[in-house]
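J.: One structure coming up, written as structure tokens, with questions to follow.
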Amino acid sequence: MYRLFVAIDLPGSVRAQLADLGRELDGVRLVPPDQLHLTLRFIGNADDECFQRIKDSLATVTSPPFTLALAGVGCFPSPRRPRVIWAGITPNERLTLLQRAVEKAVAAAGIPPEERPFCPHITLARLKEAIPEGFPAFQSRHGGLSAEPFTVEEFLLYSSTLTAGSALHRREASYRLTG
Ligand code: 2AM
């Protein structure tokens, strides 16, 4: 059984910038730098046959490469009961189109549609308890966060294995963006 999600990976320089950012936060569980990613679609559990269907269906997705820029930091699901702290993404039509194409491909593989709207973000940290005291100051410091823009040239199918308190992500397939 696999626990799957589709994501965009980040260049090392962007990971490093986000890791530096995370270090400003106390009392949170930081996402390890090598696991920082932008989720396009969380799929969840899939057996071998379903995994294969998803893997094949994603290969039909087409998109040209495009540039992404990060902007701002925030928390989900609400400032009063936050669970994660994230870095935001500047609105990007190509990203929206890619996410829709991924959604379509996943649906074609027999996965029920995602009901929640797509809110592109990169999770930096998960909260153990309340929001850290320094968060409002952190948020105003990084309201205009602009890690260097980067080109997205592929997206990936990942499996995630839950271990005590963390998750191991494994690249199952990668898909080049061309055109
Ligand atoms: P996140 O980006 O907010 O951390 C792998 O678990 C990825 O899928 C994570 O990046 C996670 O969100 C995202 N995801 C979305 N919905 C999820 C869910 N219901 N359970 C676990 N992960 C989910």
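Every residue, even glycine, has its Cβ placed from backbone N, Cα and C.
In TrEMBL, annotation is done automatically, which means it is predicted and not curated.
Per TrEMBL, the feature active site, proton donor maps to His37. Marked as active site, proton acceptor by TrEMBL: His121. Marked as domain 'Phosphoesterase HXTX' by TrEMBL: 8-86, 92-165. According to TrEMBL, the feature motif 'HXTX 1' maps to 37-40. According to TrEMBL, the feature motif 'HXTX 2' maps to 121-124.
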J.: Around the Cβ of the residue listed as 'active site, proton donor', how many other Cβ atoms lie within 10 Å? Please give the count over every shown protein chain.
T.: 20
J.: Provide the number of Cβ atoms within 10 Å of the Cβ of the residue listed as 'active site, proton acceptor', excluding the reference atom itself.
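T.: Step by step: centre on the Cβ of the residue listed as 'active site, proton acceptor', count other Cβ atoms within 10 Å, giving 20.
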J.: For the domain 'Phosphoesterase HXTX' (8-86), what's the model's average pLDDT?
T.: 94
J.: Between the residue listed as 'active site, proton acceptor' and His37 (active site, proton donor), how far is it from one CA atom to the other, in Å?
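T.: Distance between the two Cα atoms comes out at 9 Å.
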